[in-house]
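K.L.:
Below is the structure I would like to discuss, written out as structure tokens.
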Amino acid sequence: MTSFREFAETCQAIEKISSTIETTNKVADLLKKVDVEELPLATHFIMSEVFPAWSGEQLGIGTSLLYSSLSKASGMSVRSIESLIRTTGDIGETALLILKEKRKNQVTFSSFLEEQPELSITEVYQRFKTASEASGKGSQELKIKNLQFLFNSSTPREAKYISRLALEELRIGVGEGVVRDAIARAFSVPSDKVEHAFMVTNDLGIVAAAAKEGGIEALESLGIEINRPIKMMLSQISPDIDADIRDMKGAAIEWKFDGARVQIHKNGNSVTLFSRKLENVTNSLPDLVEIIRKHVKAESAILDGEAVAVDENGKPRAFQEILKRFRRKYDVEEKALGIPIQLNLFDIMYLNGRTLIDLPLVERRKALESCVESSVEDSKSISVDEQVITGDLELVEKIYREALNAGHEGVMVKNPNSAYSPGKRGKNWLKKKPLMETLDLVVVGAEWGYGRRANLIGSYSVACYDPETSRFLQVGKVGTGLTDEQLKELTEMLSGLMEGGEAGGVFAIRPKVVLEIAFEEIQKSPNYDSGFALRFPRFIRIRDDKDPEEADTIQRIGRVYSQQLKRL
């Protein structure tokens, strides 16, 4: 087994590195050393996650529980720990300092270490897993007991990364891109083989183990599996949609629905539904499960579509209404009657044992149509999104206007010859929408309100994502456009994510919540680490169907800024 100390030393070394290439080399060195059985665990750990994102498993450890565990392990009061965190701004550095002080005061610590076996990566994982599975009476005590064991068994440096890992935020800037390249480097396999294996498994832990054990052949043997969701292909806004359609020499035009993305896995009579964030939402949508059972005539399939909340006339309701269905855990049947769903299918990635993602869209479309049966009457609950392949710009505009008149967002413009690229955003899927510019940004800081809103968070620091460094870069603050109800909802969502100091009522927020923000323009600014600032930002809606890594990137911020200059 590989010691957790070796993992912590790698993290410490990476923290001191600014070069992506050097970081990749350090991760590759670690992966080479780790036993193949532990490789999936180490791979996820280095990306600040305990469980694979697709698994649905939640660690469920908040800051208060972590502080209590550290308090019991060290003898320091929770209040003193919170005070120290306000100074350091980091639970990891705080744990390091506390355990250093404790060890210094333990005369017999050397003999303690001799008796105590080294923590392994597997031991840390098992303790986290036991804590995550605790429920019901006594569950908090069990969680604390397992974390306390880890702190008592660790060196100060190990405690630093155990505490950060408990909050799934190592702060070392290692994301999927770095790990993907590190796997290729560590096991001398082509990066495109690693990339494709990741696309079909959605699990770099599985990919790393396969590359180590069997090289290229093992990577090529990996494929899509039912009930292991893959990332959804993404679209981007085009600055010149007409030029893009001409470049495609005919594009596939589909309505763009203002609903919630859903990935459907069917295996016999069993149906599992996953949200855009790959959360299992099957129990919240029993009516959708029955619709799939009735109308999808395939033994096994993985489908992509959009679920739209509709009124009694089949007209689309607001986006927030469908999210109420996805979030629902109780009185699900009652909610289904109050907010009926229409499912619009537009792609298929797997059919009866065959992976389809490498096929062109036109062929996937035929496969989709062959396995979905619905009449005109059925189309109120399920349909294959109507598609027209054309290069006629006037016809595209006509379809676009029809979509808007029907209450939808606009149209999708797709390359008919494109493969399905899980998790990728590019020019093969473009969207045409009305011209109000918005960005999906992550909350990284906040400030309490004033007056009657003194008990609510009133201002939010928002950031874009840098996929090259896995960091979030601030682009501004937003405090307008929110109702009291929305302020209450956001305060509840963010209350468990607060960390760091509270000077002037300002505090840091762990990057978990995504907001859609409108703005007048983007300006260059030295005030934020992104180098940009939003002018007159205002809140539009919460995007809790998106993960932080799906937020708009620093590259998109730069593109929008450049496009503004061209319009001047």
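Just so it is clear, glycine is given a Cβ too, placed from its N, Cα and C backbone atoms.
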K.L.:
Can you tell which of R261, R354 Swiss-Prot lists as binding ATP with E254, R276, E306, F346, R425, K431?
P.N.:
R261
K.L.:
Give me the CA-CA distance between E306 (ATP binding site) and K256 (active site, N6-AMP-lysine intermediate), in Å, as a whole number.
P.N.:
9
K.L.:
Quick one, of the binding-site residues R276, F346, which Cβ has the fewest other Cβ within 10 Å?
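P.N.:
Minimum Cβ neighbour count within 10 Å, taken over the binding-site residues R276, F346, occurs at R276.
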K.L.:
How would DSSP class R276 (ATP binding site) in three states?
P.N.:
coil
K.L.:
Restricting to the chain of K256 (active site, N6-AMP-lysine intermediate) and a gap of 6 or more, list residues whose Cβ falls under 8 Å of its Cβ, or answer none.
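P.N.:
Non-local contacts for K256 (active site, N6-AMP-lysine intermediate): A403, H408, E409, G410, V411, M412, K431, K432, K433.
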K.L.:
Can you tell me the three-state DSSP label for K431 (ATP binding site)?
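P.N.:
The three-state answer is strand.
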